[in-house]
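Each remark here refers to the structure printed beneath this line.
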Protein chains: 2
Amino acid sequence: MSQSAGEVYLCVSQKKIVSTMKERPLIFITNDDGIQAKGLKELAEVMRLFGDVVVVAPEMAMSGMSNAISVDKPLRAAKVEEEDGYVAYKCSGTPVDCVKLGFNHLVDRLPDFVISGINHGANSSISVVYSGTMGAAIEGCLHGVPSIGFSLCDYSPDADFSKAKMWVARVFQSVVEQGLPPFVCLNVNIPKGSIEGIQVCRQTAGKWVEELEKRTDPHQREYYWLAGYFKNFEPDKEGTDMHALDNQFVSVVPVNVDMTCQETFEQMKTWKF
Amino acid sequence: MSQSAGEVYLCVSQKKIVSTMKERPLIFITNDDGIQAKGLKELAEVMRLFGDVVVVAPEMAMSGMSNAISVDKPLRAAKVEEEDGYVAYKCSGTPVDCVKLGFNHLVDRLPDFVISGINHGANSSISVVYSGTMGAAIEGCLHGVPSIGFSLCDYSPDADFSKAKMWVARVFQSVVEQGLPPFVCLNVNIPKGSIEGIQVCRQTAGKWVEELEKRTDPHQREYYWLAGYFKNFEPDKEGTDMHALDNQFVSVVPVNVDMTCQETFEQMKTWKF
């Protein structure tokens, strides 16, 4: 059976990982599109080459759930699949709930990595703050575990992840080799179609506009749907994640979970309240 | 009728605000405890001294909703109160939905400020990432509006906000006078009980541990409740928000909505993927 370039690369990567770590790593996987999502299955397939995999993913789609946690309702979890070196659970909560529940009750040791995704749709620029995919990665990071969120710029439920998977493996391998600083995780977005390479980026400045569409229901009552479009405040600016993606590069943004603005912190010391 | 020190201060503050701004500011208020919460009413009372107030708050409690947005379901809004210079709406969505819906459909111009809270309970340290109160403030900030989230370190529904209100006014007034940089909002926590003063702080490093309590329901099925306690990684560290609060100081953390970790960004430029 012949192998694609991606498959050969994955084999080489696997060898490197195994030689880097003392034992087979425990890789915790989740997402926000839910346990049935294609992107999750594709991610698990890649990660099983590198280590033992535990999946704890929402039983329902949880897009846009950010770092939300279930404060007022009980959570349920159920095992849905188990094979040698692989176990998958569905959980009734948010992506962050999945990480918390998984870490506290479903794994017997702290995972070596949290990998979230592969999201169906981009999480570049400020979408990092709304994204459940990144919410889960941030949660892993808060637990001191190197964490990465992966997103493919294709919202289709049957999106083609074949090219993306090789880049997932490459980024993962780099994190294994280089490590990540405490309180920093990665937001990785992968363009749809051909891929020119990879760029370390910063979060693009921008915002969503005309975000809610007003409609009238059959009972003549108004309601609103989230819609709108993204306005990039710095189009064509090199070094931003959206510029990388626009030019068919994978974007990698290091995300700081310490949200303190150091510069403003210094300036505010002179404030008289 | 005699006035308390707080009331006198508020009168002076109001005069300063009015002299600083050309017209009466439009102040947008929301929270995550819901439209009925005492903290919201107390906040509105303070803010009405300084400007025209529009409240758009969740109809239900939305604690822990972070920056979550309602992607898959329609939103509703209804006016619940109106007086001269004051209007309040309840909204079926999250705190961030309230800001988006309000900005897009319920106000006739971009508000001058977004003020979120006063939350019943602390949002210090990493709680900033889970907090719906701060989710709303971050959303205001993403729209380019100076935004502040206020929280009182008292979870009680009938918490005493009387001392807190004076500090809300003082912080608000300072923001009016000094402004805030783009993409930076404030996370302000107010201790319960006596208040020694105010400190500009950074986000304390820490995490929640033993977060989910396992229980068995009447049908012998397992379920989990969010619980646990906070572990401070740097107790007694001056300059952190939790240290300030532990010593009865109001903590003010400038929060950066550009989550790029600049230091890691520079380091990662040498990575070979």
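Here the Cβ of each residue, glycine as well, is placed from N, Cα and C on the backbone.
Bear in mind that the values here come from a model prediction, so they are computed numbers and not experimental data.
Following the DSSP three-state reduction, the secondary structure of A:Ser63 (divalent metal cation binding site) is coil. Cβ neighbours of A:Ser63 (divalent metal cation binding site) (same chain, under 8 Å, six or more residues apart in sequence): A:Asp32, A:Asp33, A:Gly121, A:Gly132. Here TrEMBL flags A:Asp32, A:Asp33, A:Ser63, A:Asn119 as divalent metal cation binding site.
Annotated domain 'Survival protein SurE-like phosphatase/nucleotidase' per TrEMBL: A:27-208, in sequence order.
Among the binding-site residues A:Asp32, A:Asp33, A:Asn119, none has a Cβ under 8 Å from a Cβ of chain B. Non-local contacts of A:Asn119 (divalent metal cation binding site) by the CB criterion (under 8 A, 6+ apart in sequence, same chain) comprise A:Asn31, A:Asp32, A:Asp33, A:Gly39, A:Ser131, A:Thr133, A:Gly149, A:Phe150, A:Ser151, A:Leu152. Cβ-based crowding with a 10 Å cutoff singles out A:Asp32 as the top-ranked of the binding-site residues A:Asp32, A:Asp33. DSSP assigns A:Asp33 (divalent metal cation binding site) to coil in the three-state reduction, placing it in neither a helix nor a strand. Listed in chain order, the residues near the divalent metal cation site other than A:Asp32, A:Asp33, A:Ser63, A:Asn119 are A:Asn31, A:Gly34, A:Ala37, A:Gly39, A:Ala61, A:Met62, A:Pro95, A:Gly117, A:His120, A:Gly121, A:Ser131, A:Gly132, A:Thr133, each with its Cβ within 8 Å of the site Cβ centroid.
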